[in-house]
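Listed features, source TrEMBL:
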{"type": "DOMAIN", "residues": "15-262", "note": "domain 'Nodulin-like'"}
{"type": "TRANSMEM", "residues": "16-36", "note": "transmembrane segment"}
{"type": "TRANSMEM", "residues": "110-136", "note": "transmembrane segment"}
{"type": "TRANSMEM", "residues": "148-168", "note": "transmembrane segment"}
{"type": "TRANSMEM", "residues": "174-194", "note": "transmembrane segment"}
{"type": "TRANSMEM", "residues": "214-232", "note": "transmembrane segment"}
{"type": "TRANSMEM", "residues": "244-268", "note": "transmembrane segment"}
{"type": "DOMAIN", "residues": "354-518", "note": "domain 'NFD4 C-terminal'"}
{"type": "TRANSMEM", "residues": "360-378", "note": "transmembrane segment"}
{"type": "TRANSMEM", "residues": "393-415", "note": "transmembrane segment"}
{"type": "TRANSMEM", "residues": "427-446", "note": "transmembrane segment"}
{"type": "TRANSMEM", "residues": "452-474", "note": "transmembrane segment"}
{"type": "TRANSMEM", "residues": "486-510", "note": "transmembrane segment"}
{"type": "TRANSMEM", "residues": "550-572", "note": "transmembrane segment"}
Amino acid sequence: MGKLHEKFAGFINNRWLVFVAAMWIQSCAGIGYLFGSISPVIKSSLNYNQRQLASLGVAKDLGDSVGFLAGSLSEILPLWGALLVGAVQNLVGYGWVWLVVTGRAPVMPLWAMCILIFIGNNGETYFNTVALVSCVQNFPKSRGPVVGILKGFAGLSGAILTQIYATIHSPDHASLIFMVAVGPAMIVIALMFIVRPVGGHRQVRPSDVTSFTFVYSVCLLLAAYLMGVMLLEDLVDLSHTVVIIFTVVLFVLLLIPIVIPVSLSFFLDPVEEPLLHETLKQEPGKSGQESPEVIFSELEDEKPKEVDLLPASERQKRIAQLQAKLFQAAAEGAVRVKRRRGPHRGEDFTLMQALIKADFWLIFFSLLLGSGSGLTVIDNLGQMSQSLGYDHAHIFVSMISIWNFLGRVGGGYFSEIIVRDYAYPRPVAMAIAQLVMAVGHVFFAFGWPGAMYVGTLLIGVGYGAHWAIVPAAASELFGLKKFGALYNFLTLANPAGSLVFSGLIASSIYDREAEKQAHGNNYLIQNSGSIFPGMFGPNESLKCEGSVCYFLTSMIMSGFCIVAVVLSMILVHRTKIVYSNLYGKSRG
């Protein structure tokens, strides 16, 4: 009995259990990606025009990205407390929206609805922060895969929740808002005591590579399954029983990863290994104050420039020699080693220290231009598909969610290969993703046959890759100690981009084109006898048709993605030495 109790305790404290629970939380944490599905019912119920709807979209993006409070509370409160705060916000915000839309609560002004959407979506920041902080600390040597998988499940949550909603089979479309309010809160409360740091750096096993491969396989299977189910449900009129069976299989796929911590805890002997050889493989993100390279950052002012051009192994020898000379000279009083203020790249930064670094702002503005343009497509996907003649927007909402998921998982995987196998800066993967997005925006601009399918693929993959690459790169350049605050500041790039692209550019151009079309049809409307009074009111008439609705917007966003590529490559150039120091010695 005692041995079973010990195994169960090991199971509860297994870092893979934390990782799997974090995946489940993230699978319902991306509720903002369902905005394209719930916005039509909000628009029709409250008689909003496109500009007013865009205001709600910006409020949603702000809520999803303003994570200062979440980052601060995660350092003050126990992590389960931060998750509980997020669950309450999610329930209150979207629950009240559901009451207003269904007429159970009085209609509120637009600014009040924006606040409710902000509060509801802001709950996501707590889910994201706790999941990422816990798992990055538990898997410090596998940041790319861990971040990519967790953010991938957040991106996939739109398709998962849409499939669950199809099972409910409610004719009342507002019930989707109710599900968004209640579902995530219930799951987070059920798992909030499991997701936490458990000293995972001491749980490294040789089987970890196999475990990650298994998780990647489940991710690909899950994405392929959801894609097939969504297409089948869109093309074929399936019975409700078949839809329920599809959803049950979905739940089974989501539960499969639990076999990893179960097998490690109950069927294999516990093995703990030191994460690193303390003197040779210092963890990226640590300040290095306890290692023999205590003055490595001070050497930046002292070493000759040609040292940086040497191979990694030779460079380390030259630096060690210079360190020894400086130690000896300083001990004899011949020189005074000068210290720079603050940490250096690869060490632990506070938020204020990071804010004065050019590298931090290069990441921020590159993310703003890249992810901001992708988020504009996600928020306007319903209107974009309608303008190109597609009746069912939900299929594209689900597809972009799946591509978003694959982009995050793939972005984490391939960027890890770049840094591990080649010691090359991770941001080069971000530049590739932004180039892919630039092409995707061109497809949306011209509205060619099948452009919606190709565009959602390219935009979804490129947008998703940002959210696997940026957190991992930020933790490498600015450390893990204040990772929650750093990550949540960088996410501000999302609503900032949405405010410019969606709130100002896309909605203004859409309404201008819609007004042109409305004036062109004005004669027909006035002379048709109007058997539907009020249908052609000032709000309802603002509906645009054709590729012209988003042509200019998409071309502008494509151009900004090219600018983002340039910024990312500047960051690559500036951080080559840093990544060579972090990962080059493991290859040398």
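Including glycine, each Cβ sits where the backbone N, Cα and C put it.
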Exercise. What stretch, picked from 16-36, 148-168, 360-378, 393-415, has the most CB pairs under 8 A with the transmembrane segment (550-572)?
Worked result: 360-378
Problem set entry | the transmembrane segment (360-378) vs the transmembrane segment (174-194): 3 or more CB pairs under 8 Å | no
Exercise. Under 8 Å, at least 3 Cβ pairs, sequence separation 6 or more: does that hold for the transmembrane segment (244-268) versus the transmembrane segment (393-415)?
Worked result: no
Exercise. Which listed range (110-136, 214-232, 393-415, 452-474, 486-510) shows the maximal number of Cβ pairs under 8 Å with respect to the transmembrane segment (148-168)?
Worked result: 393-415
Problem set entry | Dominant neighbour of the transmembrane segment (174-194) in 110-136, 214-232, 486-510, by Cβ pairs under 8 Å | 110-136
Problem set entry | Same-chain residue ranges lying at least 6 outside the transmembrane segment (393-415) that approach it to Cβ under 8 Å | 30, 33-34, 36-37, 40, 144-149, 151-159, 162-163, 216, 219-220, 223, 226-227, 230-231, 234, 377-378, 381-382, 385-386, 426, 429-430, 433, 452-453, 456-457, 459-469, 472-473
Exercise. Taking residues 6+ outside the transmembrane segment (486-510), which of them lie with a CB under 8 Å of any CB in it?
Worked result: 50-51, 53-55, 57-58, 61-62, 64-68, 70-71, 125, 129, 132, 349, 351, 354-355, 363-365, 367-369, 371-373, 375-376, 379-380, 383, 470-471, 474-475, 478, 544, 549-550, 552-553, 556-557, 560
